[in-house]
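Asker: Structure provided below as structure tokens; questions to follow.
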Amino acid sequence: MKVLLTNDDGFHATGIKVLKEIIIESGIASEVWIAAPASNCSGYGRSIGVKTATDVYQIGDTEFIVNSTPSTSAFLGLREITGKKPDLVLSGINSGINVGNDIGYSGTIGAAAEGAMMNIPSIAISQEYDGKHGEINWINPQKFLKKIINMLLEVPFWNKSTIMNVNFPLVPAKGIKFTSQGEYIPSNKIEKKRNVSGSISYTVHRIAPDKGNRGYSDDSIKAIDDGYITITPLKLDMTDFDALESLIALYKDCTI
């Protein structure tokens, strides 16, 4: 099996190094390729560089640094860098979970979406991190990711245009739960600074609510808080079909 690894934390991030080690040691793939951004691109979502030249630096036989966004990195990795199309795309391991409404900002999800657009099984992988306990502990993905990947690849009804979004909790995992995305909404802190030039600089900080104060129901956020690994299927087609049917029914006689 040929696997493409990508991420949004950047080529030099620990998470993608851990992911590479897991895939090599597990024997899941015979070929492991990496195409990842030159620097941290968290929050870049699905932005892609078009009509601009993108520099790509080859580091090893199958490892490439892309001077662009996560989606551009995956796009070039899939269509140019790897040659023959990979059998699997793994995006991560992200430092911090990707759940709730924050998913729309996620470069980890955005990079995985490039694989899903080509009907390649694509998995986004994230590790919870609260910034309060020093180094990130990767023990959960190191213990369980191989099993999860093999399990998902055996799913007979997996529509390959669906991204599998996997999140690992901060604490030792109690098990796995299949969950919905949820409605997790962080608060924002905006720092404002006036520059000598006369311009104003704004720095946005996303602040996660304390556990127990997130306003969730039985979704991926609650499962993570309860110590479970979560797996959430995400569709590329964002159509609200209930609303679509209602609009068609409401305006069935609409004319212009």
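Cβ atoms are placed via backbone N, Cα and C, with glycine included.
Sharing the record's features from Swiss-Prot:
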type    : residues                 : note
BINDING : ASP8, ASP9, SER42, ASN94 : divalent metal cation binding site
Asker: Find, for the listed binding-site residues SER42, ASN94, the residue with the lowest Cβ contact count at a 10 Å cut-off, counting only other Cβ atoms.
Answerer: SER42
Asker: Where's the emptiest Cβ shell within 10 Å among the binding-site residues ASP8, ASP9?
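Answerer: Result for the binding-site residues ASP8, ASP9: minimum number of other Cβ atoms within 10 Å at ASP9.
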Asker: Cβ within 8 Å of the divalent metal cation site centroid (ASP8, ASP9, SER42, ASN94 excluded): which residues?
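Answerer: My list of surrounding residues reads ASN7, GLY10, ALA13, GLY15, ASN40, CYS41, PRO70, GLY92, SER95, GLY96, SER106, GLY107, THR108.
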Asker: Can you tell me whether DSSP puts ASP9 (divalent metal cation binding site) in helix, strand or coil?
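Answerer: Coil, per DSSP.
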Asker: According to DSSP, which of helix, strand or coil covers ASN94 (divalent metal cation binding site)?
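Answerer: The three-state answer is strand.
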